[in-house]
Amino acid sequence: MNLPDDFIIRTKPLLREEWDDLIAALSSDSPTSIRLSRMKGIGISGVKVPWCDTGYYLGKRPQFTFDPLFHAGCYYVQEASSMFIGQALKQYAEDDVKVLDLCAAPGGKSTLIADLLNKDSLLVSNEVIRSRANVLSENMTKWGNPNVVVINNDPAQIGKLKGFFDIILVDAPCSGEGMFRKDEGAISEWSVDNARLCKERQQRILADIWPALKPDGLLLYSTCTYNLEENEENVQWIRDELGAEVLPVDIQEEWGISPSFAEDIPACRFFPHKTKGEGFFFALLRKQQEEGVRTDFRRKRNEKKNRVELPDQYKDYILDKEQFVFYPKGDSWYAFTEELYNDVCILNSSLNIVSEGICLGEFKGKDFIPAQSLALSNYLNVKAFETYDMDWKTAISYLRKEALILQDMPKGYILLTYKNVPIGFVKNIGNRANNLYPQEWRIRSANIPESEVNVMD
Ligand code: SAM
């Protein structure tokens, strides 16, 4: 690996006698790991990621694109070190919290957070770049948790919601030194100047979002880079300039996680020569008390009285329907956890929402067309639909958005499953079935493997 000279000059003294081990690790292959969805309930046997009970290493990198269960949100392909943030949440997060994942696309950490929150907690996943926000929304929809709102905003706009969030994750855009092994582009884009610009941008992001964190709230800060400026120095800056306490996260010695390079910062560092994963830095901070911060976000509006009601037969599309509020927005009908609906109204009134809760579908003429979000929701009531379990080839055709022919099935909306896991809807019109899979999600590659790709076996 051809590392930049300046990177070597800056990083070798930090690693000291471990430097050669790091270089050797950077020349080896990146491990492949996935994290299973707790809600979709599909299991796997294999080598576990030590710090994440749903994380597994795979012996090789399969063609995930051609595994229908990947598209169904049964697992997320995630680099193992990043899964560590779950440890901090398990140790410190309370029930019924509002969480913001500020730099969330493509959704690795948001899907992990969604898995760990209870049903009365809210996850707001933000991505500032619109095209990436769409990918984030797709991945969160596939993951299927109902208490998620995906937004597309600048941190300063979200910062105006003073004291709204109990927990904020800033997985900061960084100089990416920890990704050198996985992503060659990270090496060519690296420079000392870029690392400095990253540090300055990280501080701007942190300062902009800080007002939105409640006093006593938790800030999770992470990067995938090794240098001091973007890591320990930024954590010291948050502590001293914004006002926070750095909290230790429980780890086990055998995990191979390294301490931070600053004695007064109990943060965690992941090096590929010591842990099976990529380079990663993680720190947890608790915001100090502040006078006069608003934390009493009362009902913004309660439109329940005047609201048009969705007929009961459609409410039956989801499980535990009494826990949800059903409301129209644009052409579609949505369901959101009743307890959290007020928060969704507040977000809707000031931020740019990309997706929210469960989109059930829309009325067209006499039809109610079920949405993809419903098919993949962990609260879908499968019994409300006729179902058809596809073989692998049919599932790949469906995911490529081809028209299907379903033998011996009634006309109307049919829920297609693969290995009994919901994948999407078709409208069966008799001689063929119209494919309702979202156009922008379809598998574009025509290089379909000869044999079934099956990651979960
Ligand atoms: N958390 C993500 C995950 O686990 O999948 C990875 C996030 S990546 C490290 C950082 C993200 O920050 C990118 O998606 C990038 O578009 C976004 N970003 C870039 N500039 C930003 C800014 N000024 N404010 C907020 N986010 C920004």
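Each residue, glycine too, has its Cβ placed from N, Cα and C.
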Listed co-binder of S-adenosyl-L-methionine (same site as Cys103, Ala104, Ala105, Pro106, Gly107, Gly108, Lys109, Asp154, Asp171, source TrEMBL) among Glu79, Glu127, Glu138, Glu189: Glu127
Inter-residue C-alpha distance, Gly107 (S-adenosyl-L-methionine binding site) and Cys224 (active site, nucleophile) (nearest angstrom): 15
Pairwise Cα distance for Asp154 (S-adenosyl-L-methionine binding site)/Cys224 (active site, nucleophile) [Å, integer]: 21
Distance, Cys224 (active site, nucleophile) to Lys109 (S-adenosyl-L-methionine binding site) (CA atoms, angstrom): 13
Number of other Cβ atoms within 10 Å of the Cβ of Cys224 (active site, nucleophile) across all protein chains: 26
Protein Cβ atoms within 10 Å of Cys103 (S-adenosyl-L-methionine binding site), excluding its own: 22
